[in-house]
Amino acid sequence: MQGFETIINSIIKLGIAMLVGFVCIKTGYITKEQNNGLSKVIVRVTLPILIITSLTSLEFDTQKLKNSIYVLIVSIVVVAFLFAVGTVTSKISKMDKSRAIMHRCMTCFGNVVFMAFPLIQALYGAEGLLYAAIYELANDTCLWTLGVYQMKSIEEKEKSFMGSIKNLVNPGTIAFVVAFVMMAFGLKFSGIFGEVMTGIGSTTTYLSMFFIGGTLALVDFKHIYKRVWLFVLTAVKMVIIPIILMFVLKPFNLGEMVTAVIVLQAAMPASTILVILGMEYDGDVLYCAEGVFITHLLGLLTLPFVYYLMSVI
C-alpha cells in the first residue's frame with residue numbers, strides 16, 4: 001500500500017499547488033497574462049530540462065528499449081480507442097458539430113504532461129517518466145494531426161493538417177530526442193551544472209499545478225452541474241476506460257510499471273490546451289473549459305481510485 005500512500009500524498013500536494021494558482025488568479029493577485037507567461041516558462045524551459053535530466057539519469061538497456069517500443073505502439077492504439085469512444089458518446093448525446101468535436105478531443109487527449117509527469121515521476125521515478133514521455137509523443141502526434149484536423153473547417157483541413165505537422169517539433173519532443181541521444185552515448189549532466197539543471201527541472205511539478213489552478217480559475221462554473229455529458233465524459237474517460245485497459249493489457253505481460261503508466265496516462269483529465277485550440281478554431285469553448293474544470297477537479301479523486309484498482313486487480 002506504500003504506492004497508494006504515495007499517490008495520495010502526491011495528489012494532495014498537487015491539489016494544494018492548484019489551489020494556490022486558483023486563488024492567485026481569482027483574487028487578481030496574478031493576471032491571466034502572467035499565468036499564460038508561466039506556461040511558456042514551463043513548456044520552453046523547465047519541462048525540457050526535466051525530461052533531459054530525468055531520462056539521462058537512467059541506465060539504458062535492451063529491456064528499457066523494448067518497453068519503450070511497446071509503450072509507443074500501445075499508446076497509439078489507446079489514443080485511437082479513446083477518440084473512437086468520444087465519437088460514439090458524442091453521437092449518442094446528439095451534440096451539434098462544434099460541441100461534438102470538442103467532446104471527442106476531451107475524451108481522447110488528456111493532460112499527459114502538466115498533470116501526468118509530476119505524478120508518474122513521484123510514483124515510478126525516472127523510468128516511469130521515460131514511458132510517460134513516450135505516451136506523450138503518441139498523444140501529441142494525434143493531437144496536432146487528427147485533433148486539429150477535426151477542429152478545422154472542411155475548406156481549411158488540408159492546410160491545417162500540414163501546418164499541424166510542424167507543431168510536432170516543439171521543446172518537449174526536441175528534449176525527448178536529445179535525452180535519447182545522450183542516453184545512447186551514456187552522457188549526462190554532472191557537477192554543479194548538473195545540480196542546477198536538476199533543480200530547474202524539478203520546479204516543473206509545482207509550476208505546472210499552479211498554472212492549471214490559474215487556468216481553472218477563469219472558468220465560470222455556475223452552471224456546470226447541469227452538464228450531464230461532462231460527468232459522463234469524466235466517468236468514461238477517467239474510470240471505465242482505465243479499468244478496461246487494466247484487463248486488456250494484463251495478458252500481454254508488459255510489466256507492472258509499463259501497464260500502470262499507460263493506464264494512468266489514459267485516465268488523465270482533459271488537456272488544458274484544448275481550450276486554446278477551441279478558441280482558435282471556433283469550437284465550443286465554454287463546454288471545453290467546463291470539461292477541463294470538471295475532469296481536473298474530479299481527477300483528484302479518480303486517479304487515486306484507478307491506482308488502487310491497479311494494485312488489487
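Just so you know, the numbers here start at 1 and follow the chain as drawn.
Using N, Cα and C of the backbone, Cβ positions are placed for all residues, glycine too.
The shown structure was predicted, so the numbers you read here are calculated from the model rather than taken from an experiment.
What TrEMBL lists as transmembrane segment is 6-29 (among others). Within the same chain, residues 35, 115, 118-119, 122-123, 205-206, 209-218, 296, 300, 303-304, 307 sit at least 6 positions outside the transmembrane segment (6-29) and bring their C-beta atoms closer than 8 Å to a C-beta of that stretch.
Under the heading transmembrane segment, TrEMBL lists 41-58 (among others). A Cβ distance under 8 Å defines the sequence-distant neighbours of the transmembrane segment (41-58), meaning residues of its chain 6+ beyond its ends; these are 64, 113-114, 117, 121, 126-127, 129-130, 133, 170-172, 174-176, 178-180, 182-183, 187-189, 194, 197-198, 200-204, 207-208, 211.
Distant neighbours of the transmembrane segment (70-89): 103-109, 131, 134-135, 137-139, 141-142, 146, 229, 232-233, 236-237, 241, 245, 249, 252, 254, 258, 261-262, 265-266; these residues of the same chain sit at least 6 beyond its ends, with a Cβ under 8 Å from one of its Cβ atoms. Per TrEMBL, transmembrane segment is recorded for 70-89 (among others).
Sequence-remote contacts of a segment are chain residues at least 6 beyond its ends whose Cβ falls under 8 Å from one of its Cβ atoms, and for the transmembrane segment (101-123) they are 3, 6-7, 10-11, 14, 42, 47, 50, 54, 79, 82-83, 85-87, 89-90, 93, 95, 129, 131-133, 135-136, 139, 142-143, 147, 150-151, 172, 204-205, 208-209, 211-212, 229, 233, 236-237, 260-261, 264-274, 277-278, 283-285, 287-288, 291-292, 295-296, 299, 303, 307. Residues annotated as transmembrane segment in TrEMBL: 101-123 (among others).
According to TrEMBL, the transmembrane segment annotation covers 168-187 (among others).
According to TrEMBL, the transmembrane segment annotation covers 199-221 (among others).
Proximity of distant same-chain residues to the transmembrane segment (228-248), defined by a Cβ-Cβ separation under 8 Å and at least 6 residues beyond the stretch ends, is recorded for 78, 81-82, 85-86, 89, 93, 95, 103, 106-107, 110, 259, 262-264, 266-270, 287, 290-291, 294-295, 298-299, 302-303, 305-306, 309-310, 313. Under the heading transmembrane segment, TrEMBL lists 228-248 (among others).
Per TrEMBL, transmembrane segment is recorded for 260-279 (among others). Within the same chain, residues 71, 74-75, 78, 82, 102, 105-107, 109-112, 114-116, 119-120, 123-124, 128, 131-132, 135-136, 139, 143, 147-148, 151, 212, 215, 233, 237-239, 241-242, 245-246, 249, 254, 285, 288-289, 291-292, 295-296, 298-299, 302-303, 306-307, 310 sit at least 6 positions outside the transmembrane segment (260-279) and bring their C-beta atoms closer than 8 Å to a C-beta of that stretch.
Counting same-chain residues at least six beyond the ends of the transmembrane segment (291-310), those with a Cβ under 8 angstroms from any Cβ of the stretch are 3-4, 7-8, 11, 14-15, 18, 102-103, 106, 111, 115, 119, 123, 212, 215-216, 219, 221, 224, 227, 230-231, 233-234, 237-239, 242-243, 246, 259-260, 263-264, 267-272, 274-275. Annotation source TrEMBL lists transmembrane segment at 291-310 (among others).
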